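Asks: Once you've had a glance at the structure underneath, I'll fire off some questions.
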Amino acid sequence: MNTQTRETTSMSDAQDKAGTLIEALPWIQRFAGTTMVIKYGGNAMVNDELRRAFAEDVVFLHHVGIHPVVVHGGGPQINAMLSRLGIESEFKGGLRVTTPEAMDVVRMVLTGQVGRELVGLINSHGPYAVGMSGEDGGLLRAVRTGTVVDGEEVDLGLVGEVVGVNPEGIVDILAAGRIPVISTVAPEIADDGSTTGQVLNVNADTAAAAVASALGASKLVILTDVEGLYANWPDKSSLISSLTASELREMLPRLESGMIPKMAACLQAVDDGVERAHIVDGRLPHSMLLETFTTAGIGTQVVPDEETNA
């Protein structure tokens, strides 16, 4: 007779796990078959435990019938490479100033390092992820843009604003049962609609919003390094769990500069028909699952004006 030593779990622990699965069931049913666009960035990109947890979350979403689309930046990695090469980084209004020299580094890091590493992490669970950039298949189109700081126009160099998304490539990848992983560089478009031959650095938050809108996504989730949006930063008791598009539009000019692109992206997505947009703390392992599959959720959600409840 063979005997086996089995790892035992207390009945209460087992019941807790069962309760978690049951709580997730209505949310799995609600979002199965829909597309979820996730902007991957912040500390979740540089901490090994968080990187692995993020990849697991994406694969879990895939296996329960949700179609995840990952749009990533690479701020920490870009900063590290620019520093290594002796190229100074400058930010204005929360956006990177990109010189031609810096653009070469941005393109190299986003498409050749960050994207490939993320694809590899996801594919450690199976052959699911396919890497692409905004240049591939005419996915993204952008025009050069600046920003306004203290009421004055500021030139951001080779920084673009997405003005068009061709979602066919993403749709084809999803139809093949794969997970698109998109690097946010994009070809520049001239006034006549032709390409100029220049590649632009596109803010990943706003690019993710544009992709979510083009795909008719059920959710846009932006991972960041704070718990969510605060009504009175730095008072952490003022965390806002949910607000409408109109409420966010009124708050936007008063926000900290680093939060403006993220919250503007949420507002853009909801205004363009995405059902809801979320700011989620990427420093928390499995934060996407907590947001998507628990009744309380985490972080801050933005909903259309006609909807006030999650």
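Cβ from N, Cα, C; glycine included.
So Swiss-Prot lists these for the protein:
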| type | residues | note |
| --- | --- | --- |
| SITE | K39 | site 'Transition state stabilizer' |
| BINDING | G74, G75, R96, N201 | substrate binding site |
| SITE | K262 | site 'Transition state stabilizer' |
Asks: With substrate as the bound species and G74, G75, R96, N201 as its recorded binding residues, calculate the greatest Cα-Cα distance and give it in Å as a whole number.
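Replies: Per the listed residues, the maximum Cα distance equals 11 Å.
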Asks: Tell me, by DSSP, whether K262 (site 'Transition state stabilizer') is helix, strand or coil?
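Replies: In the DSSP reduction, K262 (site 'Transition state stabilizer') maps to helix.
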Asks: Since the record lists K39, R96 as recorded positions, which of them has the fewest other Cβ atoms within 10 Å of its Cβ?
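Replies: Fewest other Cβ atoms within 10 Å, among the recorded positions K39, R96, is found for R96.
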Asks: From the Cα of N201 (substrate binding site) across to the Cα of K262 (site 'Transition state stabilizer'), what is the distance in angstrom?
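Replies: Checking the Cα atoms of K262 (site 'Transition state stabilizer') and N201 (substrate binding site) gives a distance of 16 Å.
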Asks: Including all protein chains shown, what's the count of other C-beta atoms within 10 A of the C-beta of K262 (site 'Transition state stabilizer')?
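Replies: The answer is 28 other Cβ atoms.
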Asks: Looking only at Cβ atoms, how many others are within 10 Å of the one on N201 (substrate binding site)?
Replies: 26
Asks: Please compare the binding-site residues G74, G75 by how many other CB atoms fall within 10 Å of each one's CB, and tell me which has the fewest.
Replies: G75
Asks: Using the CB centroid of G74, G75, R96, N201 as the substrate site centre, which other residues of the same chain sit with their CB within 8 A?
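Replies: Apart from the listed residues, the neighbours are G73, I78, N79, T98, V106, L110, N203, A204.
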Asks: Give me the CA-CA distance between G74 (substrate binding site) and K39 (site 'Transition state stabilizer'), in Å, as a whole number.
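Replies: With the alpha carbons as reference points, the distance is 11 Å.
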Asks: For N201 (substrate binding site) and K39 (site 'Transition state stabilizer'), determine the Cα separation and express it in whole Å.
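Replies: Answer for this pair: 16 Å between alpha carbons.
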